[in-house]
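Quick look at what TrEMBL annotates:
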type     : residues                                  : note
BINDING  : 8-10, W24, 43-48, S51, K77, 115-119, K146 : substrate binding site
BINDING  : D8, D10, E170, D171                       : Mg(2+) binding site
ACT_SITE : D8                                        : active site, nucleophile
ACT_SITE : D10                                       : active site, proton donor/acceptor
Amino acid sequence: MKKGFIFDLDGVITDTAKFHYIAWKNLAATLGITIDETFNETLKGISRMDSLDKILAYGHKENAFTTTEKETLAQKKNDEYVKLLADLSEADLLPGVHDFLVQAKEQTIPCSIASASKNAPMILDKLGVLEFFGHIVDPETLTKGKPDPEIFIKAAKSIGVEPKDAIGFEDAQAGIEGIKAAGMYAVGLSATETLIGADLQVASMTELDVEQLINQ
Ligand code: BG6
Ligand code: MG
C-alpha cells in the first residue's frame, strides 16, 4: 500500500505554463530572441535561472550577460509572471484536483509539493489548497534540479514517507525521470505528450481514484 503523494505544481495542480510562456516570450523579445510553444515545452519543470540560460543559448547569447545582469533579467520575468497570476483563484485548479486532494485527506494520505517554482506557496494559497499540503520543498535548498531525484526524495521525507512508498504526479518528462530515479511510482498527467517511463498516464486527475491508486 502506498503512503504518501508528491505533487508537481505547474501543469499538475494548475496550468501556469501559459503564464510562464507569456512572461518568457516577452522578456526574450526584448533581447531579440523569439521563442515558440515547442521551445516552451523544454522549459517545463526547469528552474527560473536554468530557463533563462536555455533561452539565451537558444538565441546564441549565452555569453552576452554577467551573472548580475542575468539575475535582473530573471527578476523582470518573474515580476511580469506574478502580475499575470493576480486573478488566480480556485477556479484555476485543474480538473479533478480538488476532489483528489479531499479524497487523500479523507484517507489520511499525506501530500507534499515538489516544484521548482519559488512562487509555489503563493500560488497554492491563491488556489485555496494550501491546507492540503504537509510540506512544500523550498527549491533554494536543492543542489540539483529535475530530472535529479533530490526534490522528490526531500518531498517524501518531509511528510515522513519513504520514497518507495510514495506516488509522484508530474506533467513533464524531466519530472517523471526524477520520480522514477527516486524509486517512486510515477503518475504522468498529459493529454498530448507521451511521458516515457510513467507507470500510469492519464489526461487529468478526474480519471484517478485515491483508494484504487494506493492499494494497487
Ligand atoms: C516549474 C515550471 O514548476 O517552476 C517552470 O514548470 C518554471 O516553467 C519553474 O521555470 C520555476 O518557477 P518560478 O516560479 O520559481 O520562476
Ligand atoms: Mg510541471
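Note: Cβ is positioned from N, Cα and C throughout, glycine not excepted.
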Hey, which of the binding-site residues R48, K118 is the loneliest by Cβ count within 10 Å? K118
Env. residues of Mg(2+) site, Cβ within 8 Å of mean position of D8, D10, E170, D171 Cβ: F7, L9, G11, V12, K44, G45, S115, F169, A172, G175, L189
Please tell me which one of the binding-site residues listed here (D10, E170, D171) sits closest to S115 (substrate binding site), measuring Cα to Cα? D10
Count of other CB atoms lying within 10 Å of the CB belonging to E170 (Mg(2+) binding site): 29
Using a 6 Å cut-off on Cβ distance, which of the binding-site residues D10, G45, R48, K118, D171 come close to any atom of ligand 2? D10, G45, D171
Taking only C-alpha atoms and a 10 A limit, tell me which of D10, E170, D171 are near W24 (substrate binding site). These are the binding-site residues. none
Including all protein chains shown, what's the count of other C-beta atoms within 10 A of the C-beta of G45 (substrate binding site)? 29
Among the binding-site residues D8, D10, W24, D171, the one whose Cβ has the most other Cβ atoms within 10 Å is D8
Tell me the coarse DSSP state (helix, strand, coil) of G45 (substrate binding site). coil
Do any of the binding-site residues W24, R48, S115, K118, D171 touch ligand 1, in the sense that the CB is under 6 Å from one of its atoms? R48, S115, K118
W24 (substrate binding site), DSSP three-state class -> helix
Starting from E170 (Mg(2+) binding site), work out which of the binding-site residues listed here (D8, G45, R48, K118) have their Cα within 10 Å, and give them in sequence order. D8, G45
Rounded Cα separation (Å) that holds between K118 (substrate binding site) and D171 (Mg(2+) binding site): 18
